[in-house]
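Asker: Below, the features straight out of TrEMBL:
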- 28-48: transmembrane segment (TRANSMEM)
- 41-290: domain 'G-protein coupled receptors family 1 profile' (DOMAIN)
- 60-79: transmembrane segment (TRANSMEM)
- 91-116: transmembrane segment (TRANSMEM)
- 161-185: transmembrane segment (TRANSMEM)
- 205-229: transmembrane segment (TRANSMEM)
- 241-261: transmembrane segment (TRANSMEM)
- 273-292: transmembrane segment (TRANSMEM)
Amino acid sequence: MPGSNCTQATEFSLAGFTEGLAAQVAQFLLFLLTYLVAILGNLGMIALIRASPLLHSPMYYFLGNLAFVNFCTSTTITPRMLAGVLLGKKGIGYAGCMAQVFLFGMFAIAECFLLATMAYDRYVAVCHPLLYPLVMSPERCSRLVTGSYLLGLTNGVGQTIGMLSLFFCGSSIIDLFFCDISPLISLSTSDTTLSRIILRTSSSLLGVPSILVVLVSYVAIISTILSISSAEGKRKAFSTCASHLTTVSTFYGALVFMYLIPRPDTSRGGDKWAAVLYTVVTPMLNPFIYSLRNQEVKEAWRR
């Protein structure tokens with residue numbers, strides 16, 4: 001029976017980025033600033049959307065939920081990393097590690113489907129504006145958001161079950177700054193077939209369809225925009241999608257690099273920076289991307 005002749009690890013060590021003291025101080029200050037900006041930006045966006053009548057529309061309803069997911073993702077990952085750098089303790093308990101796997105797996109997939117839902121919303125707004133109030137009714141918007149969270153919950157539970165079936169009897173050093181599925185699978189001393197199947201299946205069945213929805217939506221949107229005769233009409237149509245397209249490109253690009261491009265464990269040196277992109281940087285940038293390029297949000301802030 002796997003693991004019968006070994007002692008299961010009770011703690012993992014997060015390798016982080018660097019060992020130098022000066023570099024660690026700079027790293028701590030940088031990530032602390034990024035985290036504070038992400039928290040204030042996303043909570044501010046949620047409060048603004050709830051308080052301003054100008055922003056009571058489907059697009060901003062989805063944006064408010066995206067800000068909530070970004071807030072949760074940042075809080076799941078960054079505080080633990082900051083505490084490790086500040087206290088000099090890289091260890092994380094087994095239960096805490098599994099909690100990170102569950103929460104990150106849940107919120108990552110929820111964000112994937114929220115971004116896909118927002119792409120569909122922009123498709124209806126640009127390509128079928130007369131049908132928009134009917135298609136994107138409050139009831140349908142609520143179901144789309146609820147479905148995103150439920151699919152995220154399903155992924156989190158499935159990934160956690162796959163991790164709980166593994167034994168960790170050898171090295172307990174995770175070459176990352178949080179507990180992620182791929183490095184944990186590489187550390188396991190037991191049969192990882194089930195965990196790898198769950199990882200690939202969830203990536204394919206949950207991640208790929210959301211990417212396809214985004215791609216198909218934007219192909220239709222771009223085709224419609226190009227058919228508009230006036231330059232001003234093209235500019236207005238494109239401006240409604242530019243912020244979302246920027247967010248999608250950053251988030252999905254990093255996820256595809258991390259989970260869908262097959263490569264040996266020895267050539268995963270860029271994983272840390274890809275992980276920083278979608279766990280730390282993107283949640284911080286999203287509120288600014290949607291604020292700086294959106295006249296309605298600017299007007300709501302002024303009011």
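Each Cβ is built from the backbone N, Cα and C atoms, and glycine gets one as well.
Help me see these features in their spatial surroundings.
Answerer: Residues 55, 63-64, 67-68, 70-71, 74-75, 78-79, 81-82, 85-86, 280-281, 283-284, 286-288, 290-291, 297, 300-301 of the same chain, all 6+ positions outside the transmembrane segment (28-48), place their C-beta atoms under 8 angstroms from a C-beta of that stretch.
Listed as Cβ neighbours of the transmembrane segment (60-79) (distance under 8 Å, sequence separation of 6 or more from its ends, same chain) are residues 31, 34-35, 38-39, 41-43, 45-46, 49-50, 100, 103-104, 107-108, 110-111, 114-115, 117-118, 121, 141, 144-145, 148, 177-178, 279-280, 282-284, 286-287, 290, 296.
Non-local neighbours of the transmembrane segment (91-116) in the same chain are 8-14, 62, 65-66, 69-70, 72-73, 76-77, 80, 84, 145, 147-149, 151-160, 163-164, 174, 178-181, 184, 202, 206-207, 209-211, 213-214, 217, 244, 247-248, 251-252, 255, 278-279; each lies 6+ residues outside the stretch with a CB under 8 Å from one of its CB atoms.
With a threshold of 8 Å between CB atoms, the same-chain residues lying at least 6 positions outside the transmembrane segment (161-185) that come near it are 2-3, 6-9, 11-17, 76-77, 80-81, 84, 92, 96-98, 100-101, 104-105, 192, 194-196, 198-199, 258-259, 268, 271-272, 275-276, 279.
Outside the transmembrane segment (205-229) by six or more residues, the chain places 109, 112-113, 115-116, 119-120, 122-123, 126-127, 151, 154-155, 237-238, 241, 245, 248, 252, 255-256, 259-260 with a CB less than 8 A from a CB of the stretch.
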